[in-house]
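Asker: So TrEMBL lists the following for this protein:
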type	residues	note
COMPBIAS	44-53	compositional bias 'Polar residues'
REGION	26-53	region 'Disordered'
TRANSMEM	60-80	transmembrane segment
TRANSMEM	86-104	transmembrane segment
TRANSMEM	116-139	transmembrane segment
TRANSMEM	145-163	transmembrane segment
TRANSMEM	175-198	transmembrane segment
TRANSMEM	210-229	transmembrane segment
TRANSMEM	249-270	transmembrane segment
TRANSMEM	276-298	transmembrane segment
TRANSMEM	310-330	transmembrane segment
TRANSMEM	336-355	transmembrane segment
Amino acid sequence: MRPCGAGHLRSTSAAGLPLLARSRLNGRPAVPPSHPESGRDKPSAQTSSDAVRRPSTQTLWWFGGAVLGVILGAGISGFAALAETALTSCLIALLFLTFLDIPFETGLRAVRDLPLLAVTAALNFLIVPLVVAGLISVFDIADPLLPAVLIVLLCPCIDYVIAFTRAAGGAADRLLMLTPMLMIAQLLLLPVMLWAVTGGRLSIDLPVRPLVGALVLFIIIPLTAAVVVRRLARRTPRLGRPLAASARLMDPVMTLTLLVITASVTPRIAHSAGQLGTVAVVFAVFAVVMTTIGWGVTRALHVGPRRSRAVILSAVTRNSLVMLPIVRAITGEGIGPAGVVTQTLIELLVLIVLVRVLPRLVPATAVAENR
């Protein structure tokens, strides 16, 4: 005959123990939940839903789309022109779906998130110019390519970096709110950075219209549409299911966008492949260096896992699609635009890898370090 209440004691004692004692029983260190107002990263429904809906084969589909784009762009006459025509529409659709799945209520905190803004700005506008200056001193870049290489590397991305940050489980909502500031900063600082990096040998008058147009087309329009749809869904229950189903379109649309981008740029690279070897190495080294520096800086400053991933991707991803028409206007239709699209192709392959690597490089359990 067992003592009275023993069964009850066994079934409930673990739940009744303090957090520290329960953690010792389970063999795990105690990590109290972070306070919602502490400003630290914390697991969210957004992050958990990502883990549920993103299969391990996601990046294989993306890589397959990029490779298929290269094959179609190089092998089918006229396909590259068709892909270039569809590129803007695909990017807008991708960004609309990305924004539709972002909780803007938390994203608005990015405006007051001064540490995130400071780290992102410091990496993009202080560290990146130093890295670029080092690269052009080590690698011998042909004069016709130098302006294109500098322009594309000195400008942080404002468009598909949001989608890749979302896919990597980063703070896409907060990075989104920083894009207008990043655009204005690069608009003001690019001429200064070009002059500083080249020691005064290169200076340009940056056309404002393409940059402002890109901000409106790729950020303001899809963002406004996403906000309107989300508000309508709150008032109209019938829109709830289509809104939830739209998240499933993210991977197919991303795959299509990668296909279209790579197909549109492949012929330019093929025509000048012999002259682009050095800059291809420069772009690859830049991505590796900025990933390493971004990881080190965010780890040292205890930025938090989701924000760290966003900062690293912002430091790596460049504004090539926006800068292409600017480079074309400055250098003409020569080798310069081919250098820009080479960066785009290499960057896409790097980003596909980073989507898989960053959650392991900056795991969610790192939140314990940020207290």
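Numbering starts at 1 and runs along the chain as displayed.
Every residue gets a Cβ built from N, Cα and C, even glycine.
Any idea what these are sitting next to in the structure?
Answerer: Distant neighbours of the transmembrane segment (60-80): 251, 254-267, 270, 345, 348-349, 352, 355; these residues of the same chain sit at least 6 beyond its ends, with a Cβ under 8 Å from one of its Cβ atoms.
Long-range Cβ contacts of the transmembrane segment (86-104) within its own chain (Cβ-Cβ under 8 Å, at least 6 residues beyond either end) map to 44, 46, 159-160, 162-163, 166, 172-173, 176, 217-219, 221-223, 225-227, 229-230, 243, 246-247, 249-250, 253-254, 256-257, 260-261, 264, 321.
Within the chain carrying the transmembrane segment (116-139), a Cβ under 8 angstroms from the stretch's Cβ atoms is held by residues 110, 146, 149-150, 153-154, 156, 171, 174-175, 178, 181-182, 185-186, 189, 193, 196-198, 278, 281-282, 285-286, 289-290, 293-294, 297-298, 301, 303, 307, 310-311, 314-315, all 6 or more beyond its ends.
Note on the transmembrane segment (175-198): residues 99, 102, 107-108, 110-111, 116-117, 120-121, 124-125, 129, 132-133, 136, 146-147, 150-151, 154-156, 158, 161-162, 165, 204-206, 208, 211, 214-215, 219, 223, 310, 313-314, 319 of its chain, located 6 or more positions outside it, place their CB under 8 angstroms from a CB of the stretch.
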Asker: Excluding the flanking five residues on each side, which residues at least 6 beyond the ends of the transmembrane segment (276-298) place their CB within less than 8 Å of a CB in that stretch?
Answerer: 119, 122-123, 127-128, 131-132, 135-136, 139-142, 145, 149, 153, 269, 307-308, 311-312, 315-316, 335, 338-339, 342-343, 346-347, 350, 354, 361-362
